[in-house]
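Notes follow once the structure below has been shown.
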């Protein structure tokens, strides 16, 4: 308030939102500003002008002005010189080096100074050079120690260098001994740091690992309580320490050293069994790697003379991490291995082995490598099912793999877990529990926390945060045991469940709280590239949304499921400050909750139980009996299987019915027992006891629920088996006989398995892999249904659709029409349907129709239909929102919420065509229960509906045959076939398959070449065209650079007239950084060349009239302009990798003003990652490995527009060679008008040319005999002569004669190569995706087309080079 009593705006420099009414003193200054009017900066920050004229507080450039590399306690600028007061451990005018006793490189972004760690074994008199100031390697170890950290005894000495510090001289004639035990050795132990030759010793290491794993597995089983367990724990730690010293570059999280008394108690069967399972998996991997390498080496020896090139390829196997991993494998059963090392390093080894396999094909190599891949998948499955908690201390956190299909998470998301807190030991405070969402906390998310002594479920779907607190049971009143928690979101509706086990009886306390998001958004919109799943806390670089920005959790957490899939904390990506040795997991009584009181095992279709030597518990006799209790809703799955060479015994489910087949070497072949007797159908979600009795070695009797069903007799033969598989079997077993090849794993629960009335604990069997304990009810619910066009589901509920209604569901179809939901009351109908591709809500004749009309594209879509007193509303995919005002005639309902019948997928009463496709995760607002996913399994009417599978790729056979009648394929030899123009559309346009659907692994054979060639993460390749570039809307960069170019522009920013500018470019291989200060120029040039093809970190800073160029954190170059610090203004955008044509020539020498050829990564502004690219021109990921000539179209999408000297009119001949990495994509498109175009595309292995000449569409197609996805080059020729179009693919020819067009004329139209903007493409084309792969030798009318001179290269297209593998 001024003296004139006028209200003046707060003078807070834009750094505060409020100020005091009378004084104007600013309240809560932000952006590191301080002072009454936010006119100063906090310590560690200094004033700097910004582009908008206001001052900002930037981190002190001590040495760099980024938060991660600002090591000043305080800084100020005296005249033009910056003065820094450094933190402890830093030295120099700008804190640019480490102080004595510290090491690191403060000039490299993200690096810092750390105290030297020599384990107290360095000379105290040499403190000023205790360790190397950059590497940290100790320089003067004493006390007979050695190593980078003085961590081991020196050669010729043994003992404990770290704790006891008692390194003593070896008492051996050879002078060499084991550095820990003193045991004499014939020669010195070699610490092989580089491992260059280790591949030649790999087989020996694997054999040793195999032997050690066997020993450890026996040891695990023998662990008991008390002193023995402690001794055993010490032994494992000692073994680990030895291996860590011997293989210095390898570090393993010590999960493997958890076999202590406390852990055994905390997990009666689970974790120890998981360790055994892990050992078993690694054991198998070792065996098959051994076999594969033996065969490969044999092949190598035989072929060295014939093909010297193989030696070079084999030499590629010599990289240290794989060698070290397998040597360390011999002592570690860590589940971390299954996720981290087996997931990354072993595939690398397999890729190298593949080179040998391809050079000299050997069947055994191929078989073993495929088996290794399967075993690695098993190892991952083991990690997912470790049912053990982790203890969080208020500083630790775990990042978990969210392995569930992320598409499913959009509609429904549920997470269940067990939590234990101890209010008496740790007072309840506001704490974070978990977070699932975007890494930067910006987009949709969900999480769990403790706030104000309540458990709180938080989620956001793009609008306001939804918080659901559970006030009925404060956390401080929880008993100090594991409590079961589940959070669930269906559309915008959320629920929080808490189950507290009783300490005195079998009764449990159950609590529930509901909430819902405001608005109409219902989908959890997440980017698979950015999704993170953190439990217990988050690292410092992860930003949480405000409702979850709380202190980390204190207590124990065990994950249970994510969207009903078993998930474990031990399936982690990373842990942070998690010491599982010091903080042993809390014990959890597995049978504390009523749903898990009966011992049962969950099979998910991937794992199995293996009982070796089954006669150890009972002998085969006159009567031999097997009993198994099974609960499932699956149609197919193996119950148990015994195999011995060519003999087998199989009991399985086939189409829901029990089926028994066996062959004990009978002369007549296998005996089959199958029938559609109702007693044999057991997939009804209830437990059934199935018994198989082998009587007097000649008769098989099958009992179901203790009732005799069927008997079969055979030649008298003793059972020739010793092992039995339950619920599944390894692929090599199933492939051993053709009768077993179609067997699939069981999805369901097994309550018990008995042999000769003796029980087996399947989790304790050493051969068991990939099953878990418990049998959650969710496993037997069906939330998905597939409708064939003649099917429907019916049920009843208390609903009032014409009065108040809300319902939603996912749908997916390729058909333009179909009834999805139906209810009627007399002549009044309520329907939700597809009509010509649009979604239509119809209530008593009032229709609400979606704006979009292409919802029959084979993708998942989610709709919500609602009715209230004011309006009818329809929302599809959160974006297509339509509504109508409710008619006055419909103001009152004809009836109340009585029990009424409704249908999904069709109806027996409606005249509208039934739906063909999938409906999933449906809900309706029933009056008698909360909103929850509909369980189709409980519906009373199920007509020709599949509740097990929701096919993604292939429609039902009936649909296929309908189209095949009128569809002919070209002959698979050189042929010429003429077909008159047909009114029908090509196969791909008939709705058979759409490439926008998610491919099913079972149905789709992937291309030989990956659609994602190996590339450096977050690195981009520029060049190929003179103006390849990315444009950003921010300024000031640091980046990493890799190039072999001598000239080229890397970075450029300027004002509109280019009077003020800043640039980084290459000239003669040297880096040049330049900018202007008024009419002067600062120009800094590196002394060395950096076009060596290696990565270099580059930081360029403008600080007033001074510039600094820092290369690799070691080379620092400076220059300044004369005069005062003048203001300097530039405007967006920033250009990376190049500039638009004609730009930068004013300020940069001509040969450097065009795009450089090379890669850039780690783009940062003041230490913040930059990813908001405004536009991209000719930029692709930075691919690794060898390249070849051509133009590469990356999977990120892009296209090329030819210059107008090339035209495709009524007559032309076009030839091109392609090497695709996907089965479908647009190759070429010419667009004159909406009804005049030519499109050439691939569709699931077929090349098609679709033409519209203004009269109608006509097409021709060729399906090459060898396919398109083989990794080979394919030559395509298209010849057009008015209405005749001929297509030639690898000399297989087809052509079509279309209708004559009287108005046809040659018009110059843009020619798109590799893709086209969506609006230009024909509406009903089956694939709109851009082509992915390489393209070369494009000619039009015999003239070579140079894509480097194209009119436009848009998106991720690399002109000039393609990744070769």
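Glycine is no exception: its Cβ is also placed from the backbone N, Cα and C atoms.
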**Q.** TrEMBL annotation (region 'Disordered') - matching range among 808-830, 831-853, 854-876, 877-899
**A.** 877-899
Q) Any idea which of 709-758, 909-958, 959-1008 is down as region 'Disordered' in TrEMBL? A) 959-1008
Q) According to DSSP, how is the domain 'Laminin EGF-like' (116-169) divided among helix, strand and coil residues? A) 6 helix, 12 strand, 36 coil
Q.
Which range wins on Cβ pairs under 8 Å with the domain 'Laminin G' (387-586): 116-169, 782-950, 1010-1182, 1189-1362?
A. 782-950
Q: Rounded to the nearest Å, what's the C-alpha distance separating residue 153 (disulfide bond) and residue 141 (disulfide bond)? Just drop the number here, would you?
A: 10
Q: Can you check which residues sit near residue 141 (disulfide bond), meaning Cβ under 8 Å from its Cβ, same chain, 6 or more apart in sequence, and list them in order?
A: 118, 121, 122, 147, 150, 154
Q.
Averaged over the domain 'Laminin G' (782-950), what pLDDT does the predicted model reach?
A. 89
**Q.** Protein Cβ atoms within 10 Å of residue 153 (disulfide bond), excluding its own
**A.** 28
Q: Among the disulfide-bonded residues listed here (150, 167), identify the one with the smallest other-Cβ count within 10 Å.
A: 167
Q) Of the residues in the compositional bias 'Basic and acidic residues' (877-886), how many are helix, strand and coil by DSSP? A) 0 helix, 6 strand, 4 coil
Q: Please work out which recorded stretch in 598-775, 1010-1182, 1189-1362 has the most C-beta pairs separated by under 8 angstroms from the domain 'Laminin G' (782-950)?
A: 598-775
